[in-house]
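Undergrad: Just dropping this structure here.
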């Protein structure tokens, strides 16, 4: 995590020492998806685009908290060993920083990341997934670690309580997932159409109310949760989702109301992207997330 | 139409026999456009992407009605003979199914398709065109079957009444078309800007009121009716249109309020598309259309 | 400016002589940007796409004012001499027409263009920049003519009053720019988020009120002001901006309420574009601008 | 054909008047192909790239003969009428110039072009097709004017003698075409593999010997005759063909040894092209052809 | 393997029954590569392009042997189980056909495919790899089944003798691979530069001589063995390789001189491809391979 | 030049200390070209691809000489100051290393680079330009530093003797350039066609003979010198050039026969490239150049 200097240079404002740190780590893995790879290239691409956006929030707040880059978890074709490495390295990032930012990779990387999160914050933790799909399959493509199983694994293996799980932006499901939700109505289940009809602010406040009281919140942003008009570079684009604007407004409220301690951005697929707009969206979300976190931390 | 088995397999829910069938046919033809081809490749591409979206509506309704695929109307460079074949084969699809789904092709394929529709439902039928252009030219590029003439031909050759014709999403016209509308103010004429100002629901309800009482409705979705941010892969993108979300909300009301018996999706141009987002939009519209139809049919 | 005939042919309506003319000139230059070129190709590409859109406004007003094309200011690698040529040729366009339309080029071309504008209209003139960035840097990449310095130069070199400068769509800044604004709060400063929350109409009316009384208004549209979902083909896309629809509604009010006499469209980058949607957006904005101007002029 | 001025400007050398003229005409038509359009966009694209290559042959001969541009034969969706127009306009070009250059379009445009050529030169004329396919089908996709029928039509409808027909670069055939050749062994039939094994010079000299004595030669270059590594932007790329270098060496010998009076370049498909390399190849072939013709004419 | 009918239809010549069959199977897997996926999409894409090339060899031999399509080995994220399935299904193809054609996938799929081959032909078998890389790593990215280990695994796990292993086209190596070759100089080791200097025919005859006497030969074509000018759509393009023409001439001699019983084509990566030229190259190689096999079989 | 560690890691062989060093520096500048930018992005892209090719020559020689990376000369929009900076920094690289590798940028960057070279090696130095164009214009686009003027400036400003200037691969010229050559026939002038006819080895040996006796040689590789089939990603592709194989064979002889002390690779344009094949070509040329240099140095 020695690249602080590099990241400081990106800022147009001086880094300030408030005893609060942000850690960044990439997980360039996409073997949890059978249809088509691509997300493994995202961390490198997103990093390379970071210098193109000023480290100032869209509302004009210079991001003064230091960001420590822990690099990427390098390739290892032994899946079990790789996820174990991811979990351990994520735990380090979580231990050494107040906010951890993780860059996927396909959504399966959320399995070891959230396991580390649950180890770091042993009290009741919350998990919010901004996604077109609930990823509640028990198994997919013959494997329990498919990117369609992340939320299910988080519930079963990491002690997540159904009451502390919320989805936002849903619009593509499998029969088994619908059945699972029917059996667990305490899950927060907000479709894209609900966002359209009620407005993202109302939905965000519902989620904040649902998770009130948890000790720490993990926010997972699957870019296919956002509408493909904004983030086309992803493996399973589903039309009709919230816009980038709505995603940012959602994050603004969640960071303000809940103790977000980790955020991942997954399923960015540079080979499917168009003029890097999806990777640029990831950069924007990273910086705005830092800004929202800073606003709360330094309040 | 023997590929039922294939399509059943795509569903995550069992197909159910309610005596209601959906038929699908492609018309890979784009010689009705002079500027640039492409839509002839759409049926094949859209079909190939169908397995990537679960056959469940965005609101969670499994699509249990069987879909029978009648394949594509194969190439024939003799235009008159080709359109005649299209008309006859479309009539078969309409006769054997309660809902017919047609995949263009450029918009000129709507001419034989609607002729078949008018033969199938001889009572007063309605025709709704979701499009940036009214396609009311008498002739274009020297031919009355240009893709800019579809609505005009439907009025003149297939007995469509001006009172039963409605446009939604208009934002690009020719002088002759404006003149034609001035002479026929009973046509439903809803611009994209009207959609922006009044909301798609209000416009949809106006259309439903206009067409109340017809025996059957043909809904034609030209993907250039939708905003290019959502569906860029089309030959004449025109900015400022309704979003995919608005298109789906429009369809939801139309299917609920009117007896939709056929829907086409035209002007998808895979060579102009970007990471297949426009073809994926077509898949989404097909599936949501099936869902809306099913909700009403099985009510 | 001999290509009138060509442009008349594009119209579906006869050109009418009301003593009011529109002039068009391209400035294919992008050496004011260090990261990546591209905008120099825009004028040629945008012109080539003009015939693909009917010269009728989206609301159905045939554009009958003649458009005179003054061609492009050809390449000259001597920057100072080039900008001087641009300024002189722009002055000619401004002198010979009631509305001048300029096609960039990167935003630095606005420096000589606005200098010509200030010479043409020596009274208090207004400058509206629809942009994600305020371009208020004193110097950037070692040069005062960087595309990040346009508004600053307009203030300092062309006598623009801070009270007559308005920004709309801001969402990416540098620390120095924020500082400059803090020192000059009389500048109109409207962020993208403000547009989202208050609506574009309210923001447009604020701008109209701010600039009330100026003798002439220069409207600069940086396409990165618009959301990347609509106009991805630009060098520094920033998510969360107003849509093309909102941009057009903004223009509608500005043209109606203020004496717009020049408009530029800059930072369109064809090599970064996708199926020409961004260039098509420029064509749309040009035509709608002509329509708004005509509506007011012929009222 | 008024654009002489424009083309003179492209030259780096002054145009000289030797009483010898070159005429250029585009035929932007691709409805003779069922699979996928694209060549209709070629004339416009190729023309736009002409200024990017100096009008000097690769061996350093300035092209001083004037080139008169007859523009494109504009769109007409009535196929029979369109081909009739093409034939008449081609005849004019052939009558008014010593060398006619035609830009397709798909290969079907060769049917009216060669008909005009046979009318212009009523003596025994020669026809050389540089192509991966012999285009000898009697009918294809239900039509005798398919782009797979060009050579067959030239033989049957335009009085071409089998002895004066030569193919170079063949590597993809249909059974009927092989049968036709078996029945007409006097046709010059040179496969791509023969070019590889014997060298293009030997093959070119065989063709020159075969056609010795004809009054005029029409050279048709289907860019799919060239290897896809050089010209990928075409609808049916077939690997293993001669390179651009070999194509140019072939042309050099043919122009030197035979009375070439017309050349077409067909099947360039800009939408399938990559960074315009195939269109640039067409420009190169046009210019080298002019150079070879000039070298012989002014000798 | 029921799709015979479909493939017969593709032929322009009638299928003939000589008691000799060809089997085709896809292995859409690319988790053996850490850098970037893509080859998993190749079988589907290559199949979809097969109808675009006539089933006739480039030299005019109609391919009359029936091709039986065994489909693809569907996704299974459990790697060990997947390779086991591949091996068993490949064995079936090998048992039921005289020639087996396999479509990768990345090169790691050659591990189970060759294991099946070695089981099918227990005598001394030969293995020829046309490739830029020798794939002789003991382990790569932490796994012995990486696509950089294929030849090494074939030697160690499937009983391949070093004397019966030949490489053609080599031009990118790792130190360990060079060391391995130094210890096993009996391996046939032919660099791309040797091909350039000696000619592909001489190299092919050396390989034929080296493998004389084996009972069956497995020919593995990694498309990165071919020069990127011909086959750019692959994950690790290395310049300076043999052309498609040379690859075909190589295959012609190998099929003629040696008992080829299986051929794979691997590392085609459709997402990295350009206008499908690399997939079209694979189709060409498949068809020419069938033609060479047929010429020998029916001799 | 602190990034040695990073580059050592790329090697599969240990770096060895022979007192011989290689220095690498990027010059991301393309304002010397008026048509279209792009080469400024090359140094970053080429560096990012370096890890994908093993640091071993194609013939199997591990590259053991250390490569010191001097980074890029950062952006400065003041052209004169930028070129001055480039010259000074290049001089440092030349002073501290036995071989200097420079990555453009457009070809104009060769002007300050060669000036530094001429200062470093004051004896008679040689300059070899592998290029489609001679770049001998006195001025272009109004400026003497255009990328079309590089060789002319080297002759006039850096004391290069016409007898020590050689071009290889020429195939596109301007009249003035041909005139200049006519006046200076002692320049080595080798067209692409000569390479085709005589073979690259013969041409290379001629160049070696021409430059025998110079104290140091600067080799400039403009990637448009190579055929566009191999290196399409460049601003002015000209067909009919030598292949990558021929370019490498040329370099092999030049490095062996002459004291090459600097090499640049210019005009790689990532935005115009296709799947990075042109950037990969640059990596290959860099590594092979290192290999040739090492073979000679350690001999």
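Every residue, even glycine, has its Cβ placed from backbone N, Cα and C.
Feature list, courtesy of TrEMBL:
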type	residues	note
BINDING	E:107, E:131, E:133, E:135, E:222, E:224	Mn(2+) binding site
Undergrad: State the count of C-beta atoms found within 10 angstroms of the C-beta of residue E:133 (Mn(2+) binding site), not counting that atom itself.
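TA: Its Cβ shell of radius 10 Å holds 27 other Cβ atoms.
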Undergrad: Is it possible to get the count of other C-beta atoms within 10 angstroms of the C-beta of residue E:224 (Mn(2+) binding site)?
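TA: Counting Cβ neighbours of residue E:224 (Mn(2+) binding site) within 10 Å gives 29.
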Undergrad: Does DSSP put residue E:133 (Mn(2+) binding site) in a helix, in a strand, or in coil?
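TA: Where residue E:133 (Mn(2+) binding site) sits, the three-state DSSP reduction gives coil.
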Undergrad: Please list residues from the chain of residue E:135 (Mn(2+) binding site) whose Cβ is under 8 angstroms from its Cβ, counting only those at least six apart in sequence.
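TA: Looking at Cβ-Cβ distances below 8 Å from residue E:135 (Mn(2+) binding site), excluding near sequence neighbours, one finds E:107, E:129, E:147, E:148, E:149, E:150, E:151, E:152, E:222.
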Undergrad: In sequence order, which same-chain residues at least six apart have a C-beta under 8 angstroms from residue E:131 (Mn(2+) binding site)?
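TA: Listed in sequence order, they are E:107, E:167, E:168, E:169, E:170, E:220, E:221, E:222, E:224, E:225.
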Undergrad: Name them in sequence order: residues not among E:107, E:131, E:133, E:135, E:222, E:224 whose Cβ is within 8 Å of the mean position of the Cβ atoms defining the Mn(2+) site.
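TA: After dropping the recorded site residues, what remains is E:129, E:132, E:134, E:147, E:150, E:225, E:236, E:266, E:267.
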Undergrad: Secondary structure at residue E:222 (Mn(2+) binding site) (DSSP, helix/strand/coil)?
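TA: Once the DSSP labels are grouped into three classes, residue E:222 (Mn(2+) binding site) ends up as strand.
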Undergrad: Tell me the Cβ neighbour count for residue E:222 (Mn(2+) binding site), meaning other Cβ atoms within 10 Å of its Cβ, over all protein chains shown.
TA: 27
Undergrad: For residue E:107 (Mn(2+) binding site), just count the other CB atoms lying within 10 A of its CB, please.
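TA: By my count, 28.
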